[in-house]
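For reference, the structure is listed below as structure tokens.
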């Protein structure tokens, strides 16, 4: 049904009606994000009157879409034999520009009726001495009824680049009837053999087995070990010798007076938890929307959807962050609300503005226009902040009371010495390994679709991996927290958050491996773009995992201390 509804956004043509060929960007093949306006290379434009194009969506503007009219005269079902549309007066400067583009494997992107077409600028001979430009664009357009369903480009007319010569650019258009349905016209751009490979299925199965193992482990701790703890604490039954020998291990009851003590830096902590809950909400909703709608068929629609959903879910951030800050006795709730509201936007915008300076230096199409920056700032101040305020007020009033099952002692209990592997720092470092292990295969597919030329469309896989990641993260943090409390260390809030958030460190380390061994990226702009936005992605993932881990662990801690009898 979703595909049928979307049909209304695309043109239905009548015979001889104008079909616009938009020229988008040109850039090096190995650097997907390093793109420039098509006419930044000294191509000539067709004779037809120019049509201006405005960014249709915020996502389109942020992704560097720069549509310019080709000037080619194309009409629906009207075949065009090879026709010259303009000449390039090739002086030395223009030749050098083309030679540089050919040596760096430049290729360009065009659109007809929102269908993307790619072509290569030219090629060099085996010795790299002579360079040739493709001058003939041979378009073959498929139609089904009164709609365009398929476009193919063949580049021909190889001409040697010689200074002070004139090069004629030409095109032809052939129309053919196609059986492809309009709603299926993007299927040719998908790659089922890549995304539905056996390795992908195997990684999901592998992660699923890990979930079963961890859930079993946590269940054993909750049911078997805790039952023994309760029995020992309430003296309801005799302990055997082994329990007596291990008696000092079960020391979590000893810290009942400190376990619900407010965390250090409660303002920052509650802001991180609120932001993490919001990121989880955004991820969940966007994946569901992507499963229902084919967002990849519209330029920038995924990014536009993510921005809209992030703004709309701001009350989630305010609710969880505000209620947690109130429970921890925080008084400066307005400051906490501002930190929570702007934590993620400041990180993303700060990175984007830094990369924007490099993009402007390169004159790249990825340079974000000033108007788009203003629009993003307006969203932050006039949408995200007020909604965050609403969420914070609701959170403080509905669930901001510190209704802990144990009273907090006035004087903090000294933390005893423990084995090195029970230290919070060690637990934090090791806590992210299993969650990362459950997602790293999926990371490869996501990275390849973003940094290479694949269209990610298997959002069912992504939803499954998100669920698996959350279950693994909660299980790992519960186990880590149980051992920490057994060692009579009550600093579990930050430990549970950071042990789950350390997944981000492993993801970022994996991004280095991916950059050096799976891509051929080069240059300052592409490298800074890659590592800048990978840092944003990893940090956001870490905050989300940390929040999920903390929420799960908090429920666990509350449960075990509710059931134990306190003298």
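Using the three backbone atoms N, Cα and C, a Cβ is placed for every residue, glycine included.
Summarising the annotation, TrEMBL assigns transmembrane segment to 199-222 (among others). Residues 434, 437-439, 441-442, 445, 458, 461, 464-465, 468, 471-472, 475-476, 478-479, 482, 556 of the same chain, all 6+ positions outside the transmembrane segment (199-222), place their C-beta atoms under 8 angstroms from a C-beta of that stretch.
With a threshold of 8 Å between CB atoms, the same-chain residues lying at least 6 positions outside the transmembrane segment (268-292) that come near it are 2, 302, 305-306, 309-310, 313-314, 316-322, 324-325, 328, 330, 336, 339-340, 343-344, 459-460, 462-463, 466, 470, 493-494, 497, 540, 543-548, 550-551. Per TrEMBL, transmembrane segment is recorded for 268-292 (among others).
The transmembrane segment annotation in TrEMBL covers 304-326 (among others).
Among the features that TrEMBL reports, transmembrane segment is placed at 338-362 (among others). Sequence-distant contacts of the transmembrane segment (338-362), counting only residues of its own chain at least 6 positions beyond either end whose CB sits under 8 Å from a CB of the stretch, comprise 34, 36, 267-268, 270-272, 274-275, 278-279, 310, 314, 317-318, 321-322, 368, 373, 376-377, 380, 384-385, 388, 392, 524-525, 528-529, 532-533, 535-536, 539-540, 543.
Taken from TrEMBL, the feature transmembrane segment applies to 368-390 (among others).
Annotation source TrEMBL lists transmembrane segment at 425-447 (among others). Note on the transmembrane segment (425-447): residues 194-195, 199-200, 203, 206-207, 210-211, 214, 454, 456, 458, 461-462, 465, 468-469, 472-473, 476-477, 480, 483-484, 495, 498-507, 510-511, 514, 518, 545, 549 of its chain, located 6 or more positions outside it, place their CB under 8 angstroms from a CB of the stretch.
Residues annotated as transmembrane segment in TrEMBL: 459-485 (among others).
Residues annotated as transmembrane segment in TrEMBL: 497-517 (among others).
With a cut-off of 8 Å between Cβ atoms, the residues of this chain six or more beyond the transmembrane segment (529-551) that come close are 33-34, 272-277, 279-280, 283, 320, 344, 347-348, 351, 354-355, 358-359, 366, 431-432, 435, 451, 469-470, 473-474, 476-477, 493, 496-505, 507-508, 511, 515, 521. Per TrEMBL, the feature transmembrane segment maps to 529-551 (among others).
Cβ atoms under 8 Å from those of the transmembrane segment (497-517) belong to residues 269, 272-273, 424, 427-433, 435-436, 439-440, 443-444, 447, 451, 473, 476-477, 480, 527, 530-531, 534-535, 537-539, 541-543, 545-550 of the same chain, restricted to positions at least 6 beyond its ends.
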